[in-house]
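J.: Relevant sequence annotations retrieved from TrEMBL are reproduced here:
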| type | residues | note |
| --- | --- | --- |
| TRANSMEM | 45-64 | transmembrane segment |
| TRANSMEM | 76-95 | transmembrane segment |
| TRANSMEM | 107-126 | transmembrane segment |
| TRANSMEM | 138-164 | transmembrane segment |
| TRANSMEM | 170-192 | transmembrane segment |
| TRANSMEM | 199-218 | transmembrane segment |
| TRANSMEM | 238-268 | transmembrane segment |
Amino acid sequence: MPSVATLKLNLFLSMPNKEVRPGLKTRPVNSHADSSVSHKGFEVSMYRVTLTFLLLAMATPAHAMHISEGILPLPWAALWFAVAAPFVALGARQLNVLAKDDLSVKPLVGLMAAVVFIVSCMPIPVPTAGTCSHPCGTGIAAILVGPLVSVLISTVALLIQALFLAHGGLSTLGADIVSMGVVGSFAGWFAFRGLRGLGANLGVAAFLAGLFTDWATYLTTSVELASGIRGTSPFWPLVTKIVIAFIPTQLPLGILEGAMTAGMVLLLHKKRPDLLVRMRVLKESEVSAHA
């Protein structure tokens, strides 16, 4: 039995070429006007199709945020996962230890996770590489909660970005964790601790920690990309090319991240010095002397 939709369609097709309006006499449809409207609609459709085709044809390959899905061959992706996994596990263990000693650690870790997530979601195009740069935020996290917990924080941020924002990929998650989480966090932490041990000012140490965090992250990313895509090309020349491609954006971006890191540490020093003491960023004697 034909459906209601089929009956309506047959009725519509069998109607004469007339336009019916309520309360008015029927009149023949102006076929010339109808043809003109159809022609204009066809032109608009063709214009849209042509424009879409041109935009797609002009598009250049991009790695987007972090290292995108499919960029690295499976063996290299698996290798970076193997490197990242122990640091993530140690970060989770370290967080549990810190949380048992101080209940205020978890809210601080949550705040740092939000900072890393938001800061690393700020894409800045790299015209010469067809990719994007972004701040990392792991420098300030490493200073406040330690490099291992910072690795865990970056893992959560990168996973959410890959799943819901298409920033990075799941197969390349290990490589992104190694560059931004492991290398970035430890570079910033060692820079801060080393400079403070040499007597550097708190703001200067934090600035250089943020700077080295950013630059170390992108140097590692360059190595990861070169190792995965080089094929038969020489390794180090390709690394050099990728690093040079990042310089126009990453050089000023590293300085910006250093300033941001220093600003956050100095703000905490002014407003919540007790927090810096609890997280072993400052000694009590330094806070007393400042007061």
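Along the chain as shown, residues are numbered 1 onward.
Note that Cβ sites are derived from N, Cα and C of the backbone, with glycine treated the same way.
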J.: Spell out yes or no: are there three or more C-beta pairs under 8 angstroms between the transmembrane segment (199-218) and the transmembrane segment (107-126), with each pair 6 or more apart in sequence?
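T.: No, the stretches stay apart by this measure.
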J.: Any contact between the transmembrane segment (238-268) and the transmembrane segment (76-95), i.e. 3 or more CB pairs below 8 Å with pairs at least 6 residues apart?
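T.: The transmembrane segment (76-95) and the transmembrane segment (238-268): touching, no.
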